């Protein structure tokens with residue numbers, strides 16, 4: 001038995017983890033896997049590379065596989081409520097409120113929401129000129145209202161013109177008009193709901209006693225279909241549409257609703273695409289899990305992990321699909337229609353496929369947001385809310401929708417707000433805590449001062465800059481802000497090369513602020529030395545196939561340097577990385593920790609160097625007012641006057657980082673000599689630091705006398721107990 005199997009993970013999944021050399025679960029996996037397998041919503045935060053992907057992929061794969069197996073064996077959905085193939089005359093799993101649950105047989109509704117009303121309609125309605133009846137029994141205390149409504153009516157029964165309800169407080173309601181009617185009812189009472197379409201009357205009974213006509217239907221609703229409906233607030237009701245004997249038979253020509261023939265009944269259009277179908281299986285394009293990633297690289301990374309994990313899962317086969325831009329839509333559509341159970345995708349392509357009806361959300365059981373803070377910062381809050389609203393909160397086999405959120409910063413206001421709004425009593429798994437720099441990372445700052453270092457004035461092959469100062473009067477001898485800003489850009493290219501040479505960097509990730517900066521540095525390094533400075537770029541303006549190939553080349557160590565932006569590199573797990581260079585500090589202090597955390601993993605030593613300008617640097621900042629959003633933009637005015645530039649103040653950003661980490665970051669000069677404060681004075685970046693122990697052996701020796709004394713006391717106490725037992 002593998003360590004993962006002790007959490008209840010399938011042996012087939014355990015074999016896959018074993019083959020990946022995952023001997024023991026990481027902390028986040030040990031916490032999250034049992035919680036997800038147990039059916040709960042989970043919020044988890046841990047560093048990139050800590051196994052977050054496995055923490056949600058393994059349990060989701062297991063539950064999806066078990067559901068498919070039960071479908072094949074016919075174990076699930078007895079009572080006709082699996083996979084959207086609902087038997088006529090049950091309460092709908094789809095046409096209902098967010099916090100209302102429907103049992104697998106479709107005949108009992110429950111809502112435990114104290115503050116809001118949540119409603120539900122039946123899967124089938126009646127029409128024509130007949131007289132129809134159903135019973136609703138109050139099975140738990142709470143507030144409830146039951147009756148009839150059209151398909152266009154508000155789920156909050158009785159609050160619009162097309163809903164007619166009778167509530168437990170003894171009030172009838174239509175169009176928000178609440179009038180005294182009959183008498184109050186409560187737990188164990190049986191309410192009969194009568195609809196006379198011939199005379200266009202709605203009436204109710206309580207425990208067999210007719211309470212009289214409650215409503216007369218307006219003529220404009222004469223041709224409408226009416227569905228049994230209920231709305232609950234912390235209450236529960238059981239329904240009988242006539243499949244079994246009524247407790248109080250209606251008489252007077254009324255028949256059970258389920259006895260309405262085809263000419264007098266109509267299926268609820270919101271019951272789902274497979275409603276009434278003979279097959280219990282969901283549609284091939286109705287996945288059970290949706291995993292949203294902020295970038296195509298992360299989506300590919302997660303998809304590849306799922307493919308590895310499910311290698312030994314068979315009979316039935318779990319099919320996963322990657323939905324990202326840059327791939328032909330027809331190709332993805334063809335794969336989707338072959339049957340898909342887990343979808344991993346980026347927001348843009350997911351939205352396109354869902355809005356066009358190619359991906360159905362009717363059977364979605366898991367909604368996963370990976371790197372949620374990045375998704376929210378990219379402006380996908382509205383999309384996430386909309387998708388969550390579309391996904392049924394109770395699946396067709398009676399299981400509750402599970403939401404899993406992974407974020408580097410769980411305590412960010414936006415993430416907290418989203419969790420409160422969308423998640424159901426989530427468990428917080430925060431193994432990250434406050435931002436801190438790992439002991440295995442040396443991080444230093446190299447100040448770039450164009451007033452002290454004037455070598456920028458005589459560079460033979462300077463780096464190409466972003467063009468911010470193309471129309472400014474910048475030249476040596478002119479000490480204007482613009483000239484010093486341009487000098488910073490030139491010096492940073494030189495300092496980057498010098499850092500590479502000084503530390504013989506053969507593998508590093510280099511962060512630039514913008515896509516244009518990445519392109520400029522890539523050209524500069526290639527001009528300086530071919531193979532010696534071999535590099536590739538990773539950012540949103542590169543074609544998807546190129547981005548994929550560039551990342552693979554860097555992972556396979558075919559090139560030495562990966563130049564990228566924060567967004568493109570978010571969440572990428574690149575192992576054994578010894579060096580990282582910040583050409584420009586990030587404007588978000590938490591991103592500094594994310595960047596330098598890419599080195600020094602798996603107990604291997606890493607060096608992070610940040611180039612920080614001592615003077616303000618003028619940089620591009622394309623806001624919503626920029627029509628091209630940066631493409632061929634030449635508006636170098638400041639944003640205060642609707643321009644596309646700002647003055648970037650790195651000393652202030654450095655102060656924010658130091659305050660955030662509560663440390664003073666060590667500074668080095670342009671020679672890039674990094675002081676080593678290790679025990680033996682030697683560090684090889686990228687190799688394990690053998691002296692990072694915690695003194696555990698000494699600690700054991702200190703505890704030996706105490707443990708020995710404890711053993712003696714335990715022996716004495718048990719001996720005393722046995723002696724007294726004999727007496």
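Each residue's number is its place along the chain shown, starting with 1.
A Cβ is built for glycine as well, from the same backbone N, Cα and C atoms used for every other residue.
Taken straight from Swiss-Prot:
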type	residues	note
DOMAIN	2-428	domain 'Helicase ATP-binding'
BINDING	46, 47, 48, 49, 50, 51, 52, 53	ATP binding site
DOMAIN	69-246	domain 'B30.2/SPRY'
MOTIF	370-373	motif 'DEAD box'
DOMAIN	483-676	domain 'Helicase C-terminal'
In the predicted model, what is the mean pLDDT computed over the domain 'B30.2/SPRY' (69-246)?
89
Summary of DSSP states over the motif 'DEAD box' (370-373), given as helix, strand and coil counts:
2 helix, 0 strand, 2 coil
By a simple count, how many Cβ atoms lie within 10 Å of the Cβ of residue 52 (ATP binding site), its own Cβ left out?
28
For the binding-site residues listed here, 50, 53, which shows the highest count of neighbouring CB atoms within 10 A?
53
For residue 51 (ATP binding site): intrachain residues, at least 6 apart, with Cβ closer than 8 Å:
22, 25, 26, 28, 29
Using a 10 Å radius around its CB, how many other CB atoms surround residue 47 (ATP binding site)?
18
Neighbour count (Cβ, 10 Å) for residue 46 (ATP binding site):
24
